[in-house]
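Read through the structure below, which is laid out as structure tokens, and then see the notes.
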Amino acid sequence: RAQKASASGSHQMVLKLGHGLDTGHPVHKSMEFMKRRLEELSGGTVTMNIYPSSVLGSETQCIEQLQNGSLTMTKTSAAAMENFIPSMSAFGLPYLFRDSEHYWAVLNGEIGREMLSEGEKKFLHGLCYYDAGSRNFYTKDTPIHTPDDLKGLKIRVMSSATAIEMVKAMGGAPTPIPWGELYSALAQGTVDGAENNLPSFTSNKHYEVCKHFSFNGHTRVPDLLLMSSRAWDKLDPQVQQWVQQAADESSDFQRKLWQETTTESLEQAKAEGVTFYDVDTAAFASKVASMLENIEDSRVSELVKRISEVE
Amino acid sequence: MRTGLIRFMKWMTSALNAILIIAVALLVIDVVWGVFTRYVMGEQAKWTEELARFLLVWVTLLGGAVAFGTKGHLGVDYFVGKLHPDARKLIAIVVHLIVIFFAVAIFLYGGTRVVFDALAMEQTTPALGWKMGHVYLALPIAGFFMVLFTIENLIESLATPADEMHEADSAGELD
Amino acid sequence: MGTVALILVAVFVLLLVLDVPIAVAIALATFVTVMAEGPDPSIVVAANMANGVNSFALLAIPFFILSGHLMGKGGMASRLIDFAATLVGFLPGGLAYVNTLTCMLFGSISGSAAAAVSSVGGFMIPEMNRKGYNREFNVAVTTTAATTGLLIPPSNIMIVYSVAAGSVSIAAMFMAGVIPGLLTGLFIMLVCGAFAIKNNYPREPRSSFKQILLSFKRAFLSLFLILVVIGGILIGIFTATEAAAIAVVYAFLLSVVFYREIKLKEIPDLLLQTGITTAVVMLLIGASSGMSWIMTMANIPQTVSDALLGLSDNPIVILLTINVLLLCVGTFMDMTPAVLIFTPIFWPVADSLGMHQVHFGIMMIANLCIGLCTPPVGTCLFIGCGVGKTSIAKVTKTMLPFFAAMIAALMVITYVPVVSLWLPVQTKQLKQADVEASTFMRSTSKSELESTDAAG
Ligand code: NA
Ligand code: NA
């Protein structure tokens, strides 16, 4: 390899980043932004190779690869992190955040920083958060105005214990189906609806089948950009500072991009004939209030309490 | 001593076969149960999908070991088939040694590392809440049987005269 | 980057030539390559072995293997043959058509071509020999016709492709294979017709409508499985994997309880055979998952893609090149490893030509079906020659016109996308907009596209 052979020893360092989103996704674009910034900051001595669309494995597999040192960086949902760091399950609880401002105040504040370093013992070094919006119900035939409308409806959920419990508590029948099979499952009526953020709803063309979208905003589960501690600890402090700065800037960049994408998605879905409903979220929240009150894990209940106290 | 060894091998093989038969039967029952709970009980059992995937991992790794015993794995015997019987015998022995290296380096050593990593990292599974390290345990167990069966094949190859060695026509039934 | 690819290919080919099991060859080639790249190779390969098969979609494979075993032993083949005979037996060379049609029917019930060759061939080849048909011809018909079962759903190789390609919908692949499978069967029947006329092969007595109904009634419960599997997926009662599990239950009830051609005590052995066959395939998938990881890390698919795209500006030429390369691969390599290894390598090329991922999968499978029948390594050919008691050398010359028919079908499948993509859109397994966004062959042969569209 030519780069390694250079006499000065100052060959270009390549950080390898694998994730599961496609190249049109705001998160991928923000990673490309981070790559450019990192090259600028380091004067071209540090760069990144980004591998999108799960070509290096699922979220769980990428996290394992960070732990055993075969991959440098990955993006993961806090939901997938639960299986490695139990306290992450706090972020998956319904109506934990009051709104988008509260959400970012927490993530950019003391709790957010604390959670980024929560995985340090397990070789997972958190760099920054990306916005994954709020998740909402959308259905094929009957609109969801109140929790009662969920009664008897099969709602596709991620295969996460928290998500299953939540839909059940609200009165629906949670049905875990792989994301790739969801479009045809909706089209054929295997499930009556699903729940996700607006950009995912639109980019996967679920509007072709589901014409009812309710802004009930049950969860806001952030994405995290992680680096293998094995790789991080080997970087000299100057490089660490460049990587952190580039990551922070990409987080701000992504937040703006996410807002724009959400607005565009809304317009597009409306043009496709989707009806959007503003609903009384308090009615939904009251159904799942017990999930926030009866938490077994003391660390999670402590986090929930502190998050509710953030202004 | 020799017969004791043969009896031990026979016992190990039938135990492994029994595990495989039960695992395949459980697979069918598990997935059918998933459909049943969704339609008859109105709500899908949340663990059926995850259990099915883990059973498949175990069937793959343990069944893969059995297939080394029955010489069931697909290979390309075209080139070796054209050689002189003596050369074929030599190559067969080399191949057994290669397979033993594969089983030791990847399944026994690598698999054990994967198990200990997953246990040390306290990784759990979403629906069943199992320790992921226990699921990965199939790797070193399969590795152990692969080594055992391949040593048996190796001894057999060494004992067989070159001109009596035949290549098994391994036809995968998938295609 | 170049050296990494070189190490990978060199180790792999060396081990393959030595007749090391392919899964081991893939895993060890990956092992050596990962070692050259840095991370601990033992962990990387071991983790991929387990995680590569940790997939709900892949579960359909053992189920279709098991239901195939149950159906094959459970007296289904003879019922389907009787039914096909009443339909097409009266034509000149009638038994050749009966054979082809039965293979297609059998294929649409089981996920495997090997099962079709042994089950259908076991009945049909001796019968055709007795009626004076040429032995090599009989083997050639069965061997090639059986491969249509890999295009007609359900099909295990399509599940393997769906997993290798990322997240392609299995239900969409199933629907996409129907017309290409029927088309290939039709082309094979045309060759049968030519042979029948040339050799003056006999006709079977024409069946009355009552006889047709009677044979349909006998075959009905077997044919009903098609409805359970495909209908169940299409109506949305269950996913492909669940449909496969239901097929097992159905086949079990049919062959053990209803037809009583399988005894309960035979079941453990069927389960064991299923477990081992499954493991052979899955170990390949696990090993390939590691190989695809290191190939991606070393940007090998991109390098191959750039090289192929540099060959020509013409999509027709590039696709022809890919098809020729795959045909060469198919002569030596079995279908499953070929799909697993070459999907990540060739897909970026097809993608940049605007091909739809489902269409590309169907093309690849149709291509590798030919390889199953060609010497020196061809699973269907081996079984066909075994069942028909003839040698590969004798049968190869008779196979040539059949290869021509399969290649002709392959060309239509490759260059006329609607043949594959029309049905999945109609059955809502693919989004209309996605299919319209795939531009391959749309600008170059618009008239051809429209005429097929009208015909379909
Ligand atoms: Na089939
Ligand atoms: Na071949």
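Along the chain as shown, residues are numbered 1 onward.
Cβ atoms here come from the backbone N, Cα and C positions, even for glycine.
All annotation found in TrEMBL is predicted automatically rather than curated by experts.
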Taking C:11-36, C:271-296 as the choices, which stretch does TrEMBL tie to transmembrane segment? C:271-296
Under a criterion of three or more Cβ pairs within a distance under 8 Å and sequence separation of at least 6, are the transmembrane segment (C:80-98) and the transmembrane segment (C:43-68) in contact? no
If you average the pLDDT over the domain 'TRAP C4-dicarboxylate transport system permease DctM subunit' (C:10-417), what number do you get? 91
Which residues, given as numbers and ranges, are at least 6 beyond the ends of the transmembrane segment (C:170-197) yet have a Cβ under 8 Å from it? 57, 60, 91-93, 96-97, 100-101, 103-104, 107-108, 134, 137, 141, 144-145, 147-155, 158-159, 161-162, 230, 233-234, 239-240, 358-359, 361-362, 365-366, 369, 401-402, 404-406, 408-409, 412-413, 419-424, 427, 429-430, 456
For the transmembrane segment (C:399-423), sequence-distant contacts whose Cβ falls under 8 Å of one of its Cβ atoms, 6 or more beyond its ends: 140-141, 143-144, 147, 175-180, 183-184, 187-188, 190-191, 194-195, 316, 319, 323, 355-356, 358-359, 362-363, 366-367, 369-370, 373-374, 430, 435, 438, 440-442, 445, 448-449, 452-453, 456
Test of understanding: applying the rule of at least three C-beta pairs under 8 Å (pairs 6 or more apart in sequence), is the transmembrane segment (C:104-125) touching the transmembrane segment (C:271-296)? no
Give me the stretch from C:137-164, C:243-259, C:316-346 with the greatest number of Cβ pairs under 8 Å to the transmembrane segment (C:104-125). C:137-164
So are the transmembrane segment (C:316-346) and the transmembrane segment (C:43-68) touching or not, going by 3+ C-beta pairs under 8 A with a sequence gap of 6 or more? no
